[in-house]
Structure formats: structure tokens, C-alpha cells
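K.L.:
Taken from Swiss-Prot, the feature ATP binding site applies to 5, 45, 72, 113, 114, 115, 116, 117, 118, 119, 337. For 419-534, the entry in Swiss-Prot reads domain 'Toprim', with the evidence type sequence analysis. For 425, 499, the entry in Swiss-Prot reads Mg(2+) 1 binding site, with the evidence type sequence analysis. Per Swiss-Prot, the feature site 'Interaction with DNA' maps to 450, 453, 506, 619; the stated evidence is sequence analysis. The Mg(2+) 2 binding site annotation in Swiss-Prot covers 499, 501.
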């Protein structure tokens, strides 16, 4: 059947309709990440007032119904009738795409909200939004509903001696479904901003918990790096480099450490560039060139030795890169601004870092020796891993099958996106899972031996020769560390399914530590999940009602509604029969899965070091600060 294609098929989306039709083009997604991006857009406008030198306080409030409010003490959005829209400037900013104060080269010399769509996009994707502006001794207010429809045009509602802008919005549940603001994600971002702008006061109030947190830093990026380095053993001193060229301001602080994990955070005009870009490229290239030049000058690399690759140098490097660029120079890839694409900044960052870091190493020979000795040792380990990879390649199919024999129960489908790998604790639960699964798309891998704590080993060779770890590597297929290739992934979902007890939780942490250290992109790309088996089975005496419960809170709620029932507490997966395990934990339509996310890299690194590392004093401190040992009768 052919369809007609004519002029009537061409649609012109007016006003904010384009945003409502394709929200992902403007905020990246309509899940939790997209919801928080809405907040970042409004927050960026307040931060632009800080960049311009007019604001010193920002407050964020999350109320009980998921409405969020951002307030600053900047200049306030102008109220006057706009010459092009013929409505107030406040309403223009919130109802017209590409309307803002960042285009005239005068109001903001530096700004992060450059596309002029942030405020209007948030309005388009909210079912309610209010703007209150304090400016020139007067208070103005606008109210919008249903995706930007003006309910109350901007009007004067009072007088004031203060100044600033307050925006409150409630995201449209039709767009964001069940997504909720996460106070931990918000606090993490505000904490970053306090480090980026020393002496800026940021206050967050979560009305759900009735807690207020204040973020304030006196030493900026140096304090930020100290926070990142809190749980690692550092090598030498911190290096702080500041400079300016052609109107581009650069501030970089970095330090090497004994681990092999890198944390490189970059910001452009206060916008966090998750995917890096030209400023990161300039920094990394400069560090690489300086270290290799230093090694050649002092014969620390033999003539036959190859230069250190950037991937080698970045291991154990923690760095924060902050650049401020004039509006004419700055360009981001995409509306979500996750990657900086300004060509000029790469050269400026490179020149400043290259010049100052070489001088730093010349003045601090002991620091240079510590760093380069570590790089040489890491190169030896890399060679060992390469040999192990060659061993893997050399294994014939029968040999690989021998390693997996009696362990992996494969599935039938060949489509990676549909395949699920359940990593199960022990043969007992593994046997039940094999019987209860859907063989078409679900594979089962029981773990028989103890999972290695990779955080406590000194040599990576110990990890890649451990039988359980080697089995995981073969099953998943991507390789590890620098040899990781997501294209070789064999399963769309990797699901850790353990007992709902302390031992099960410990196995989860051991496996997550391995994935985080050796296969981090699996987590970053959303392939790792935790299965949630129920804690209780409740059945009425007449056997007409059977309920599975996942928490004590659910249990107490059900007890109020039902009488005459029997209750079974599951101590392990093996206590369920195959049908029960399928219904509660494996069936995609009824199960509960938790996707493991890496929203806060710094906090993840810190938690891994605390719980799985060698420093018992860190664990003791965490327990004392977070666990209440009081007993209630």
C-alpha cells in the first residue's frame, strides 16, 4: 500500500511545540537524566549572573511534590516590553526559543547558557512554572501552565529593596513519567559549583527530609582536588596552573596517585562537559608531551623504548580543568552542552600547561621520579595483560568451552540487545534459575568460588588468572581495561542475582567493584543491573491470595489489610522453586531491576575505596558516621 506525500504532510511547529514534540533534542532524554538537565538549565542562568559578577548567593529548594525552585541575587530579568515580541522581556525569555541576554555581546561577556533555549525549554516541558523577578525596586511575576501557556502575564506585584530572579517549576509527568529529582545528584552539582566559584554560597533545602545543606569554598579548585584525592595515595605535590590568553581564562589543578583510575573533570563557563572536548584534549596532549620530553631529556626512557601513550599517562591522574571563554569563542556539541567544541581553547590550554608543567618537573625532580617510576611499572603490567589477551585469543573454542563447561547455561537468541546474563550465587540458586528462566533470551552463570576483591590486589595479573574473574571476562566478551571493546559485548543486560542478605550484598559489591575497575563502560552505558528477589511470601489461609513482598514496609502495610495468613521469609534464592523465581525475579513483566548508574564518579570512587580498599580506618570512620548502633525494645 502506497501513501501519498504532499504539501499537507509538511508540518510547521510553532512556539514551543518543537520542544514538546522532540524533547530529547533539547534535554537529551526524558528519564531522570533529562529531568535533572532541566534544573541545570535554570541553574546555569543563575550561574551566568555569578560569572558576570552580579550574584553571590544561589538557593535551590525541592518541595514535597517534586517542584523545584532556583533563586539568585543577580540583576533580575528585565521587565520592559521587548521590541520584537511586543510582550514583557520576562515572558519573552520563557516563551520564545533562542531569546536571551547572551547574544548582544554586552550583557554577558562570559556565559554558559548560550543557546538561549534553556528557560523556554524548561517551560515547555513543565505543567507549571512561575517566575518572580526583583529589579529596580519592584517585584514582577509571571505564571505559566501546560507547557508554556501564559496564565498570568508578567506584572508588578510589590516593591523591594533586593534584586534577583526566582524560578519554580514542576516537570510535566506526561513527559517524564515517574522520574523524580534526586537530592544527592543535586547536592553533587551544587558542591561542584561551590568549588568552581570560590566564595559563592549555594544553599540546598530538601523539604522531603527537612534538611538544608550549604556549600561554600574558600580555595576553589584546589579544595575540589583534595576532595577527589581523599581516599587515594597521592604522588608528589598538586600542580596548579592559571593563565589567560586572547580573552580565554584557564585554571587547571592536577595530581597523580598510586591507583590506575583516572578522574578528569572539565568545565567551560561553569558547564560540566561530561564528554570532554577541546579543553581536555589540550590538557592531556600537553601532559603527555611534557612527560615524554622530560623522560627523553634525562634518559629515563631508553632509546629503543616507545614514548608513553596518553592512555598510560592518564592512569592515576586526577585533574580538574576550568576554562572561561568569551561568547564569540565558545561552542558546544549539541544542546545538552556535554562536549566543548571551541578550537581556540585547545591551543591556549596546551601552551599554558606545557610551559608551566615542564618547569614544575624541572624544579621538583623527586616528584618527577615518583610519577615516571609509576608509569614504567604500569607499562610492565600492561605487557602482562597483553600476554593474557593473546592467551585468550590463542585458546581454541574447545578450550574456551572447557573453561565455561558446567558453568554457563547459554540462551538461544543471537540478538545481543535481547540477551540477558544472570550472574547467580552458587549452584543451588543457579540450578533453580536454569529451570525457571526463559531459555530463548536468558543465560545463567553460577559463581562457584569466592569472587576476588580486585581492590586489594597488587598485581592485575592476579585478577585475570582468577578462575571466576576469567569466566566473567569470557562470558561478557568485551575484554578489560585498555583492551575493552563494547562492540564485543555478548549481552544487553548483565544482571547480578544474589540472596537478599549480607552475604548476597557482599557478592554484589565484589562484582560491582570488578566491573567498575575493569569494565567501567558497562556501567556507564547502562548494561549492569541488580535483581531484587522478594523478602517474603504471604499466603492467606484459604490460599486464594498470594503476595510477594520486597520490604518490611510493604509487609506492615499488607498486615493491616489481611488476617489469617502464613508468612515465609526467604533466606536465599534456593528456597524458591523455579516458578516462584521466574514470577518474582526473572520475568521481565513482573520483576524489579535496579540499573547501576555512575552519575557521580567522584563519590563512586570514594565508596569503592572505603568499602573494598586496604584502609580499615576509612571504613571505621564511615560506620561511626552513618550507622546507628542503638537498640530499641
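Here, residue 1 is simply the first one shown, and the rest follow in order.
Each Cβ is built from the backbone N, Cα and C atoms, and glycine gets one as well.
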K.L.:
For residue 450 (site 'Interaction with DNA'), which DSSP three-state class applies?
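P.N.:
Where residue 450 (site 'Interaction with DNA') sits, the three-state DSSP reduction gives coil.
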K.L.:
Please give me the CB contact count at 10 A for residue 506 (site 'Interaction with DNA'), counting all chains in the structure.
P.N.:
14
K.L.:
Please list the DSSP helix, strand and coil residue counts for the domain 'Toprim' (419-534).
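P.N.:
Secondary-structure breakdown of the domain 'Toprim' (419-534): 57 helix, 21 strand, 38 coil.
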K.L.:
Output, ordered by sequence, the same-chain residues six or more apart from residue 499 (Mg(2+) 1 binding site) with a CB under 8 Å from its CB, or 'none'.
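P.N.:
Result: 425, 429, 533, 571, 572, 573.
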K.L.:
For the C-alpha pair, I'd like the distance in angstrom between residue 506 (site 'Interaction with DNA') and residue 72 (ATP binding site), rounded off.
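P.N.:
Residue 72 (ATP binding site) has its Cα 44 Å from the Cα of residue 506 (site 'Interaction with DNA').
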K.L.:
Under 8 Å Cβ to Cβ from residue 501 (Mg(2+) 2 binding site), same chain, six or more residues apart: give me those in sequence order, or none if nothing qualifies.
P.N.:
571, 572
K.L.:
Looking only at C-alpha atoms, tell me how far residue 453 (site 'Interaction with DNA') is from residue 118 (ATP binding site), rounded to the nearest Å.
P.N.:
45
K.L.:
In whole Å, how far is residue 450 (site 'Interaction with DNA') from residue 337 (ATP binding site) when you measure between their Cα atoms?
P.N.:
44
K.L.:
Please report how many Å separate the Cα atom of residue 118 (ATP binding site) from that of residue 450 (site 'Interaction with DNA'), as a whole number.
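P.N.:
For residue 118 (ATP binding site) versus residue 450 (site 'Interaction with DNA'), the Cα atoms are 50 Å apart.
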K.L.:
Hey, does DSSP put residue 337 (ATP binding site) in a helix, a strand, or just coil?
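P.N.:
The residue in question, residue 337 (ATP binding site), is coil (DSSP, three-state).
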K.L.:
Between residue 72 (ATP binding site) and residue 450 (site 'Interaction with DNA'), what is the CA-CA distance rounded to a whole number of Å?
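P.N.:
On Cα coordinates alone, these residues lie 53 Å apart.
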K.L.:
Restricting attention to the domain 'Toprim' (419-534), give the mean pLDDT.
P.N.:
85
K.L.:
Going along the chain, which residues six or more apart from residue 450 (site 'Interaction with DNA') have their CB under 8 A from its CB?
P.N.:
468
